[in-house]
Amino acid sequence: QVRPFPDVYQRSACQARETLVSILQEYPDEISDIFRPSCVAVLRCSGCCTDESLKCTPVGKHTVDMQIMRVNPRTQSSKMEVMKFTEHTACECRPRRKQGEPDGPKEKPR
């Protein structure tokens with residue numbers, strides 16, 4: 001069965017969608033411990049824009065608290081803790097940064 005164009009177009013649009021992100025990618029300084037789960041599902045902007053010069057960009061964000069198990073591999077001890085993650089609440093197609101322009105601040109949920 002062929003998926004109709006309006007459905008294809010809508011599903012590919014720039015929007016916040018559930019995305020799996022690695023906890024260590026979000027918290028790179030926490031490399032000495034193991035996390036369970038090792039990744040979490042959060043809403044992040046992704047999708048296609050109508051022009052290659054545009055990029056799907058978050059224009060609204062909020063922080064969500066998630067309970068994660070932290071395991072210390074040296075002592076084999078574990079504890080539950082609350083970690084903060086950034087979720088995107090609104091997305092827009094915005095102009096891409098030109099090469100050589102400085103990056104903005106790294107997205108940190110803390």
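Count begins at 1; order follows the chain as displayed.
Glycine is no exception: its Cβ is also placed from the backbone N, Cα and C atoms.
Among the features that Swiss-Prot reports, pyrrolidone carboxylic acid is placed at Gln1, with the record citing experimental evidence. Taken from Swiss-Prot, the feature disulfide bond covers Cys14-Cys56, Cys45-Cys91, Cys49-Cys93, and the record attributes it to similarity to another entry.
Location within the structure of each feature annotated in Swiss-Prot.
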residue : record                      : DSSP class
Gln1    : pyrrolidone carboxylic acid : coil
Cys14   : disulfide bond              : coil
Cys45   : disulfide bond              : strand
Cys56   : disulfide bond              : strand
Cys91   : disulfide bond              : strand
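For the recorded positions Gln1, Cys49, Cys93, a Cα to Cα distance of within 10 angstroms from Cys14 (disulfide bond) holds for Cys49, Cys93. Closest to Cys45 (disulfide bond) by Cα-Cα distance, out of the recorded positions Gln1, Cys56, Cys93, is Cys56.
The C-beta environment of Cys91 (disulfide bond), restricted to residues of the same chain at least 6 apart in sequence and closer than 8 Å, consists of Cys14, Gln15, Ala16, Cys45, Gly47, Cys56, Thr57, Pro58, Val59. Across the structure, Cys49 (disulfide bond) and Gln1 (pyrrolidone carboxylic acid) place their CA atoms 26 angstrom apart. In this structure, the CA atom of Cys93 (disulfide bond) is 31 Å away from the CA atom of Gln1 (pyrrolidone carboxylic acid). Listed in sequence order, the same-chain residues six or more apart from the residue listed as 'pyrrolidone carboxylic acid' with CB atoms under 8 A from its CB number zero; the list is none. Cys56 (disulfide bond) is surrounded by 19 other CB atoms, counting those within 10 A of its CB over all protein chains shown.
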